[in-house]
Amino acid sequence: MNRTLSGLLLIFAGAALVLLPLWANSGLVFLAGTTMVVGVFALSWNLLFGYAGLASFGSGGLFSIGAYTMAVMLRGGFEGQFLLLIALSTLAGGAVALAIGIVALRRSTGIFLAILTLALAELLRITLAKIHWVGAEDGIPNIVRPNFSIGLATVDLGRGNHYYWFLCIACALLVALSWWIAHGRFGRTLRTIRLDIERAAFMGVDTHRYRLVAFTISGAIAACAGALFAPWAQIVTPDIGNMMRSTQPILFTLLGGASSFWGPMIGAFLFSAIEFSTRTLVGIQEIITGSILLGVVLLFPTGVAGAWNALIARLTARPRRDEATSAALQPVKE
Amino acid sequence: MAMIRLRSVDKSYGALKVLHGVDAEISEGETFAIIGPNGAGKTTLFKVMTGEVGCEAGTVEFLGKDVTRDPAYRRTRAGMGRTFQVARVFKEMTAEENVVVAIEARLKNAGQSDAPWYSVKPSRAARDEARDLLARLSLDRKAQMHAAELSHGDKKRLELGITLAGRPKVLMLDEPTAGMSPSERVGVTELIRSISGKGSGLTVVMTEHDMGVIFGLADRIMVMNQGRKIAEGSIDDIRADPVVRDVYLGKEAHHA
């Protein structure tokens, strides 16, 4: 029942997004596309937090690496190889995450990892702002939406809403990939590591290696989201990976709920909806957004997704103890 | 054959030396108990064997191989299974999932994963094995309960299930009856006996406070005091040993 209902909701939400350009104005379409991308970005963060139990405060840096890699290569005139460029940007993010992980994860988890990743992301932002080859403070403007061919078909993402629909497909694939990673044996093993790392080690699990792989995959997906974002925004600046960016997935996860795979994505859309509906209230927009966030955290510690699951459970199931509302920012349970 | 062999193991925590040149040899199939008063170094010795803590001097051999520098997960893969004093289970998972993840880990490490790569569900064989194991531990009726909802004794049983799912050659039990009621103690003692009985080939190493449990299970006992081995032998040897009486059993007698 719960599954069917959630599945229907998912199909409905997907269809609404795909059909959006048919009736909405370009501003709303741009917001929807951006939200999809940052939603995927937030999912990649929660793969690390909700499953592997690692909190990174520098995920914006990896988003930035993907965006810049894409921007530089498109500027270099490789738009005909767009799919390859996405793959390369993803690999770049994965490689950087792997390098950071090898150094950082051996000893530092918890708050140390949070601070270290935050510092590295800031370092990257400041460095990018000093390199003239990538436009220093001004970044890289006028990024083209590529025109490329797959086999016999030609895809011109520059026309109309083509890039938006391309984003729909790409994000759907990334969400499916994340879902598969989170729900398979690898995801289950990650959960055992978050729940009790020593117990996991005494099942013969090389916990360090698993965390490193999760860190790498999460970084690769974050970079892929960044790579998709560059032609969408058509400009990248060093601020694309600033602290606000790194905070986004954390806020979305808080709002949507870390206890559910879909929580960060739900949080991303709620956040966008709140910002959109308060956009004319200059000066008090932040206050409203902040209050809503505070309200959700206090009233629904497991986020909107957690509250939803609890509600469905109460409506459908026989009376049963309600464990879904027991812990703050409580991690994955499925 | 010696399953585990310790040679003059030294271990310090900062300035405090907790193990002084401890030797031990545990043979295949026996149940070996480490006893001693609080602070004697039992738990540290236990952790040196499992790989949770290193040692400054001496060596640890497992199945004839030097594993002194191997981390816990490698020793687990080689056939060492461990339970904790306070049962550690994956609380958010159901009892069945707890055992399934352990079975999956074993299959993966042995290169025997039988679920197709694209599948998100555990394989049928893994789930069947988990159910069989839970039935052996009398947990089959609670298979779908979250581990957090289980009683203390059931958590201990479940943890044993996670450990047995790894098909260990040596079962390392750290105070298996700690915090249990007398009736639960009897149940767990029976359970351990049924698992490690003659013919099972399973070697058991345990630390334990409860003398009833020790005398009911152990083939051989090692007594520690202040980081040193003070005696080793059969139950009768230990009972008769005057040093042991003084240091350990004597004290208990005074309390009683």
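Any Cβ shown, glycine's included, is placed from N, Cα and C.
Any TrEMBL annotation is an automated prediction that lacks curation.
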Quick test of your reading of TrEMBL: among A:2-24, A:25-47, A:48-70, where does it put transmembrane segment? A:48-70
Is it true that the transmembrane segment (A:48-70) and the transmembrane segment (A:250-271) have 3 or more CB pairs under 8 Å, sequence gap of 6 or more? yes
For the transmembrane segment (A:212-230) and the transmembrane segment (A:291-311), does the number of C-beta pairs under 8 Å, pairs 6 or more apart in sequence, reach 3 or more? no
Near the transmembrane segment (A:111-128) in space but 6 or more residues beyond its ends, with Cβ under 8 Å, are 54-61, 64-65, 68, 100, 104-105, 134, 136, 139, 238-239, 241-243, 246
Where else in the chain does the transmembrane segment (A:82-105) make close Cβ contacts, counting only residues six or more beyond its ends and a cut-off under 8 Å? 54, 61-62, 65-67, 69-70, 73-74, 113, 116-117, 120, 146, 148, 150, 157, 170, 208, 211-212, 215-224, 226-228
